[in-house]
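**Student:** Sharing a structure below in structure tokens format, with a few things to ask.
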Amino acid sequence: MKDLFKIYSNYQPAGDQPTAIASLIDGLESGLAKQTLLGVTGSGKTFTIAHVIQAMKRPTLIMAPNKTLAAQLYGEFKAFFPDNAVEYFVSYYDYYQPEAYVPASDTFIEKDASINEHIEQMRLSATKALIERKDAIIVATVSAIYGLGDPDSYLRMLLHLSRGEQSDQRKILKRLAEMQYTRTNLSLERGQFRVHGDVIDIFPADSEKEAIRIELFDDEVDNIARFDPLTGEILQRLPRVTIFPKTHYVTPRERILETVEKVKVELQERLAELNAQNKLVEAQRLEQRTCFDIEMMLELGYCSGIENYSRYLSNREAGEAPPTLFDYLPPEALLIIDESHVTVPQIGGMYRGDRARKETLVNYGFRLPSALDNRPLRFEEFEERSPQTIYISATPGPYEQEHSDNVAEQVVRPTGLIDPEVEIRPVKTQVDDLMSEIRQVIAQGSRILVTTLTKRMAEDLTEYLSEHGIKVRYLHSDVDTVERMEIIRDLRLGEFDVLVGINLLREGLDMPEVALVAILDADKEGFLRSERSLIQTIGRAARNVKGRAILYADTITGSMQRALTETERRREKQKAFNLEHGITPKGINKSVEDILEGAYIGKRKTVVAEKSPQYTHWSPQELVKQINALEKQMYSHAQNMEFELAAKIRDEYLLLKEQLMKI
């Protein structure tokens, strides 16, 4: 237990970090259920939490409000704890259209989904780490409160093999089939097994690039080895191995049979209800759909939409909470909720939206009432299951403020950087004044963020600035995650100088190059101009030594006053600390790649950086062929969330298209 977690870093805690670390550790050791780390932008909150984890030596679940932030946190913790099981647990859907029915137009929408296999593998790897290891750190999104396979059923389906034990080949193959592995005679892929005589090759569903070889002799396990499925090279001989199921929803045969019987009973009860209400179409529809599912479960052990029968598969009572990732956590685990002012309300809002859609499906005979128990956790259920918790935010929400037993403040940054100076200027001349400021900041080699209230205003401002020779881009809600990452990358690289948007605070990403944040119409009260939003937006300039914020307003609203007072309080504390310790503020020097470090660090190690080929002497046919090849690569990387690689290929792709146009 002495060195269960070990941080690898060139830095030591500084600024307010040592005090915050000591305060949080003391709170955890005293048994406090909920604490808050109130840390300003750029104060090293992740580093503080890493030290808390190292000191407490407990498995940890870290929840972020979106995949982008989760990927960033995963990259940071992976760098801090290279020897530990840092895992990634987010929704594995690239695209998801839930099953739904619209009574007004009598339209039924079938469930349609595209699953990202690599993220599915990482989810399986995350639960495996929680089961097998004490040094697990899981970075997750709100996906953690959604139904997952029952841990008891999952554990009962594990396949344990040891060298020298008696084991019949047919039994092993049967168990692999029950675990939903598929047999192949071709190249081995994840979730498959292959048989050659007495040799069984298995590619575990939770493994990224290593497979297992089982060699049998006379119904005895003669040898177990890890090998590379691509080259066939033996990597390591093993005394024993545990193969985990292909999916979290795998269920023992006897539980499937029990489920089928319970579903039949519920079906008869529901049909009687519908017939009594003279809902004959709904009754016929329900009987047809449910009988088909029953047949599939009996034949294959699963069916499409099997999660709708999860109440019976996990042996729960009606209304009982579904098993989730929280059921895989050991009792001594820690829970860290990042950007809690966003994440906590998000957790609270998931249940109702899901419930409304499913009630329609039940009422119109598409699903049995038990399908309502395939749902995310209610907020009170989430609270019951949460272990000791630390909320992290620069602007904690009302829930954290009310329920936290201890607030550790982290206002002083290790770099000595001070919160941006805030100026208030009149609305009347805001556009002309802004343009003047933009030109000054660009001349210094820095970048600018501008936040507006409406989409229309953002578009008009972008067009106006562009007409006046300023390199500007517009970030809005229709931009998907990959493109959003590319836009932020391009801003940092200087491809353009000004980013205009409506809600630029939701990224939570590091942009040290931003020296000016301009907030237009700051005196219009509302969500986008609340105290919390203003503090978060002003904080976007806090990573730059010359960071400033300009609020364009004719009156000072209550939210503005509170935000200004809090910012000034922080500035005074930071200045006093710097003066007392003789610290000169230093800018953050962070490479552009750092922002994009996410869930694919392991993969990137195998990529060799090649010099861009010279295409000047290529024929149009060769260029077209290369453009098509690059386009496929670009979309493949983007689909796998490999943002950095996708962006690099995109740059080359655009160069080639430009060259082709000149021919």
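Quick reminder: no glycine exception, Cβ is built from N, Cα and C everywhere.
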**Student:** Among 92-115, 212-235, 284-307, where does Swiss-Prot put the label motif 'Beta-hairpin'?
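**Tutor:** Range annotated as motif 'Beta-hairpin' by Swiss-Prot: 92-115.
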**Student:** Return the residues near G44 (ATP binding site) by Cβ distance under 8 Å, restricted to its own chain and a separation of at least 6 in sequence.
**Tutor:** P13, G15, Q17, Q410, R413, P414
**Student:** Return the residues near S43 (ATP binding site) by Cβ distance under 8 Å, restricted to its own chain and a separation of at least 6 in sequence.
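**Tutor:** Listed in sequence order, they are G15, D16, Q17, Q410, V411, V412, R413, P414.
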**Student:** Excluding G39, V40, T41, G42, S43, G44, K45, T46 themselves, which residues in that chain have a Cβ inside 8 Å of the centre of the Cβ atoms defining the ATP site?
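**Tutor:** For the ATP site the neighbour list reads T48, A394, Q410, R413.
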**Student:** Are there any residues in the same chain, six or more apart in sequence, whose C-beta is under 8 angstroms from the C-beta of T41 (ATP binding site), and if so which?
**Tutor:** A394, Q536, G539, R540, A542, R543
**Student:** Identify, in sequence order, the residues in the chain of T46 (ATP binding site) that are 6 or more apart from it along the sequence and have a CB within less than 8 Å of its CB; answer 'none' if there are none.
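**Tutor:** Long-range Cβ contacts: L73, E76, F77, F80.
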**Student:** List the helix, strand and coil residue totals of the domain 'UVR' (624-659) as derived from DSSP.
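**Tutor:** For that range the per-state counts are 33 helix, 0 strand, 3 coil.
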